[in-house]
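According to Swiss-Prot, the features are:
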SIGNAL    1-21  signal peptide
DISULFID  Cys28-Cys49  disulfide bond
DISULFID  Cys80-Cys116  disulfide bond
DISULFID  Cys169-Cys240  disulfide bond
DISULFID  Cys172-Cys264  disulfide bond
DISULFID  Cys182-Cys286  disulfide bond
Amino acid sequence: MLVATLLCALCCGLLAASAHAGYSEDRCSWRGSGLTQEPGSVGQLTLDCTEGAIEWLYPAGALRLTLGGPDPGTRPSIVCLRPERPFAGAQVFAERMTGNLELLLAEGPDLAGGRCMRWGPRERRALFLQATPHRDISRRVAAFRFELHEDQRAEMSPQAQGLGVDGACRPCSDAELLLAACTSDFVIHGTIHGVAHDTELQESVITVVVARVIRQTLPLFKEGSSEGQGRASIRTLLRCGVRPGPGSFLFMGWSRFGEAWLGCAPRFQEFSRVYSAALTTHLNPCEMALD
């Protein structure tokens, strides 16, 4: 009995050491192999950063990944995952306070370019990675990048977060347009030059001719100059069916993994009407210069 107990403790110690050895120096990323994991076991991982990467080679068993430290915080948070291709050998779920698991990433040819979801206040920010069974032993890698954001815009509709959340294709209401103009990572006035579709990533890339950068929190866009027109790329979901259209638009959205993702895109004239009406009734969330 004593020998069995010692062997069990030794195995647990080796698994913990193996998982620990897979951490990057800043403990923002982890790389490990299922070949060192006991069948049916659940490895425990904690990444203290708000962005990083996971690379799980030859997935086996399961991993439970806690993001951003052990304290869930008092504000809602948003996690976005972007899989590396080919993503194979595992599924990724988000743990919910109810005990349910919400599927975020799964292997297969229809895997979209990424997914975001929201955790509520005090909800533990944990992901559950489960290996999928395969009969052969060919090399499989389940790898993805993650970003964790504090959700300061809980009143925004789901499509404001971009990158594959439910409802991402419906138009924004007038109230959502006004709030997006005040809280988005970027607000630019421009026209659509073209739209390219990526069926593999299930994304559409909108090429925008930038007339004016009204606001941005990151240096994603540059205005046109005397040397030529400034152009920018904004991503959205392929299933939204974006097509080139005439006229000027106000593009608003978020930065995800260093890329611009579309939230709301009303015609500039339409937004001007909504904003003017809000100014008249003193219901505008913020002031902005449209001229």
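Note that Cβ sites are derived from N, Cα and C of the backbone, with glycine treated the same way.
What Swiss-Prot annotates, mapped onto the structure for a quick look.
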residue: Cys28; record: disulfide bond; DSSP class: coil
residue: Cys49; record: disulfide bond; DSSP class: coil
residue: Cys80; record: disulfide bond; DSSP class: strand
residue: Cys116; record: disulfide bond; DSSP class: strand
residue: Cys169; record: disulfide bond; DSSP class: coil
residue: Cys182; record: disulfide bond; DSSP class: helix
residue: Cys240; record: disulfide bond; DSSP class: helix
residue: Cys264; record: disulfide bond; DSSP class: strand
residue: Cys286; record: disulfide bond; DSSP class: coil
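Cys240 (disulfide bond) sits 16 Å from Cys116 (disulfide bond), taking the CA atoms of both as reference points. In this structure, the disulfide-bonded residues Cys49, Cys172 were compared by how many other Cβ atoms lie within 10 Å of their Cβ, and the smallest count belongs to Cys49.
The shortest Cα-Cα distance between Cys80 (disulfide bond) and any of the disulfide-bonded residues Cys28, Cys172, Cys182 is the one to Cys28. In the structure shown, the C-beta of Cys264 has more C-beta neighbours within 10 angstroms than that of any other entry among the disulfide-bonded residues Cys169, Cys182, Cys264, Cys286. Note on Cys240 (disulfide bond): other Cβ atoms within 10 Å of its Cβ, all shown chains, come to 14. In this structure, the C-alpha atom of Cys182 (disulfide bond) lies 12 angstrom from that of Cys264 (disulfide bond). Taking the C-alpha positions, the distance from Cys169 (disulfide bond) to Cys264 (disulfide bond) comes to 9 Å. Counting in whole angstrom, Cys264 (disulfide bond) lies 17 from Cys286 (disulfide bond) by their C-alpha atoms.
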